[in-house]
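Here is what Swiss-Prot records for this protein:
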type: COMPBIAS; residues: 1-10; note: compositional bias 'Basic residues'
type: REGION; residues: 1-46; note: region 'Disordered'
type: COMPBIAS; residues: 21-36; note: compositional bias 'Basic and acidic residues'
type: DOMAIN; residues: 60-249; note: domain 'Brix'
type: CROSSLNK; residues: K160; note: SUMO2 cross-link
type: MOD_RES; residues: S261; note: phosphoserine
type: MOD_RES; residues: K276; note: N6-acetyllysine
type: CROSSLNK; residues: K314; note: SUMO2 cross-link
type: CROSSLNK; residues: K322; note: SUMO2 cross-link
Amino acid sequence: MAATKRKRRGGFAVQAKKPKRNEIDAEPPAKRHATAEEVEEEERDRIPGPVCKGKWKNKERILIFSSRGINFRTRHLMQDLRMLMPHSKADTKMDRKDKLFVINEVCEMKNCNKCIYFEAKKKQDLYMWLSNSPHGPSAKFLVQNIHTLAELKMTGNCLKGSRPLLSFDPAFDELPHYALLKELLIQIFSTPRYHPKSQPFVDHVFTFTILDNRIWFRNFQIIEEDAALVEIGPRFVLNLIKIFQGSFGGPTLYENPHYQSPNMHRRVIRSITAAKYREKQQVKDVQKLRKKEPKTLLPHDPTADVFVTPAEEKPIEIQWVKPEPKVDLKARKKRIYKRQRKMKQRMDSGKTK
């Protein structure tokens, strides 16, 4: 018996479906041309994102935070620095009881290799630590003359996330401790190239100037037309205290001989005011003693009356009659007014009866 062929279900061969006609091809040519123009307009109006032509290699991350007890101006300064530095990270305030070397562990947890730490003391003194975590070096500064962005209200402006230029005073290359600070400031304040949060623009410049043994920080906008500079802010002055070999500690590499602590400065001011007060009191005591001293009578000098001309003597008149009293017109008018008022009241009372 020959093997029978199995028939397909239904006994009919399955035919392939014809491809549907494209909807765009089905439209008339005029309508098709209008849709193409709309697509071109949408593509023209769309703003493309920043094109990254390289790889992000410099993985510098900066941790910016502070201790407890800072005032509003320090908090605003921290926010301004975080806004100007897209490669920065934030953290909660650190307790005063914790030691400074704990910050290295915080940087490790946050995956940061640089740190800007603001330390407040006595609710009036502000110190800034710039550190390369965890191996160092680190520098401690006293922050003075703080002016934030909201406080200055300058006319300059820059794009958020743009990369800055760094301008340093020529004095940074003259002394070794300034050269070390220059390298530390470059690694902290320069935004890495091709950073994900940065923009591929350079429209502002950070300037670090040395004057009066202090570092003055300024932020300027670069105007495209004539390359002029317009200040943006913030402003602050860094007074160097010490440079340490390690991160937040270790052997001292440099100590500023011109530095004067805020406590000593306030003490000098108090001593000057106290000296002025003591001087005033001594002057008053001397004046009192001079007043108590007996006055020395000088002998009469006959030459003092040479140019004195005696005045004519007036005859003395004796008044035997008592002068007439002066008439007070105001009192007289007042008495007449009272008399007339009483008479009017009597007449009115008589009419009523």
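Positions of Cβ are set from backbone N, Cα and C atoms, glycine also.
Mapped onto this structure are the features recorded in Swiss-Prot.
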residue: K160; record: SUMO2 cross-link; Cβ within 10 Å: 11
residue: S261; record: phosphoserine; Cβ within 10 Å: 11
residue: K276; record: N6-acetyllysine; Cβ within 10 Å: 10
residue: K314; record: SUMO2 cross-link; Cβ within 10 Å: 6
residue: K322; record: SUMO2 cross-link; Cβ within 10 Å: 6
Worksheet item: Relative to the Cα of K314 (SUMO2 cross-link), which of the recorded positions K160, S261, K276, K322 has the closest Cα?
Response: K322
Worksheet, complete the sentence: According to DSSP, the residue listed as 'N6-acetyllysine' sits in helix
Response to the item:
Of the recorded positions K160, S261, K276, the one whose Cα sits nearest to the Cα of K322 (SUMO2 cross-link) is K276
